[in-house]
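First comes the structure, then the notes that go with it.
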Amino acid sequence: SFSAGLDLPGRFLFAILTLMTLIANLVFIEEAVYIYRKVPSSKRSIIIWINAAAPVIATTSCIGMWIPRSTMFTDFTAAVFFATVIHKFLLMMIKECGGQKLLLRRFENGRFKISTGPCCCCCLCLPRVRITRRTLFWLKLGTFQFAFLRPVLMFLSIVLWTNGNYTLYNLSPKGAAIWINCFVGVLTIIALWPVGIMFQQVRTLLMCKKIIPKFALYQFILILNHLQAAIINILATQRIIPCAPPLSSSARGAYMTQQLLIMEMFLITLISRVVYRRRYGDLKPPECTAEEAGDHKETP
């Protein structure tokens, strides 16, 4: 294997990146134990899922770095896991508002602003949509379709790959990779749209629950895991990243992506621990307390 032939600086880099992955997983386990003890059971699993995104991506990248032939499987695993995290993040925003019933009560006369990214950020003329049980269902369906279809497409890709019809770096129109990747891109945009719509609606209400830094971390993971990897992949296929025997351009691009992701996910794991680690029993800021007190008075 390539890692067996590394020089001393290369081995040192691999050791440091592996240590970062190990520390990220230990930090996540400690955080998961804290969440399990302190967070109400209705939110517990959702918050643990979201916190697991960065350590899982770091782990899959580390495995792909040490075992280059597993890159396709590790990349797909990370992508499928994050597809579920997108759906979980939407559910978390609803849960943080007190659940679907309380959210509908808070915004009973409100309307969703649907002219938001990544689909319709330029379509300012789009009408606002009433916040009802039906619109919430469509928002959930928009993220759920990606969490469901991404594993299906992963399975299809692996079947085609075993048959020799799918090559990860073959982006020619005759190959299956370009069509599957385009379809995944469309599904991703459709899934990100409901999250953006919900965030625009609840960000002021959930300011006291640090929703803006949580959303920023979620966006960073999305950009680094998808956009950064895609850019490096394109540079490698165009030979802008030169080959360095025994590594081809594509293999060097994969190594660069994996090593960058390990460092980035390590930092995001540490920041997530600070953002999500809060005492749920503490008093909330006055604006949240006043709004919740008003809701309690309306409750029969």
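Glycine is treated like the rest: Cβ placed from N, Cα and C.
Sequence-distant contacts of the transmembrane segment (12-34) (same chain, six or more residues past either end, CB-CB distance under 8 Å): 3, 6, 48, 51-52, 54-55, 58-59, 61-62, 65-66, 259, 262-263, 265-266, 269-270, 272-273, 276-277. What TrEMBL records for 12-34 (among others) is transmembrane segment.
What TrEMBL lists as transmembrane segment is 46-67 (among others).
According to TrEMBL, the transmembrane segment annotation covers 73-94 (among others). Listed as Cβ neighbours of the transmembrane segment (73-94) (distance under 8 Å, sequence separation of 6 or more from its ends, same chain) are residues 43, 46-47, 49-50, 52-53, 56-57, 60-61, 63-64, 100, 103, 136, 139-140, 143-144, 146-147, 150-151, 154, 157-158, 168, 184, 191-192, 194-195, 198-199, 202, 206, 211, 214-215, 218, 221-222, 225-226, 229.
Long-range contacts of the transmembrane segment (137-161) within the same chain, counting only residues at least 6 positions beyond its ends with a Cβ under 8 Å from a Cβ of the stretch, are 72-73, 76, 79-80, 83-84, 86-87, 90-91, 167-168, 176-177, 180, 183-184, 187-188, 190-191, 193-195, 197-198. Positions annotated as transmembrane segment by TrEMBL: 137-161 (among others).
Residues or ranges marked as transmembrane segment by TrEMBL: 176-195 (among others).
Within the chain carrying the transmembrane segment (215-236), a Cβ under 8 angstroms from the stretch's Cβ atoms is held by residues 50, 53-54, 57, 75, 78-79, 82, 85-86, 89, 169, 188, 192, 195, 199, 203, 249-250, 252-254, 256-257, 260-261, 264-265, 268, 271-272, 275, all 6 or more beyond its ends. Taken from TrEMBL, the feature transmembrane segment applies to 215-236 (among others).
Taken from TrEMBL, the feature transmembrane segment covers 256-276 (among others).
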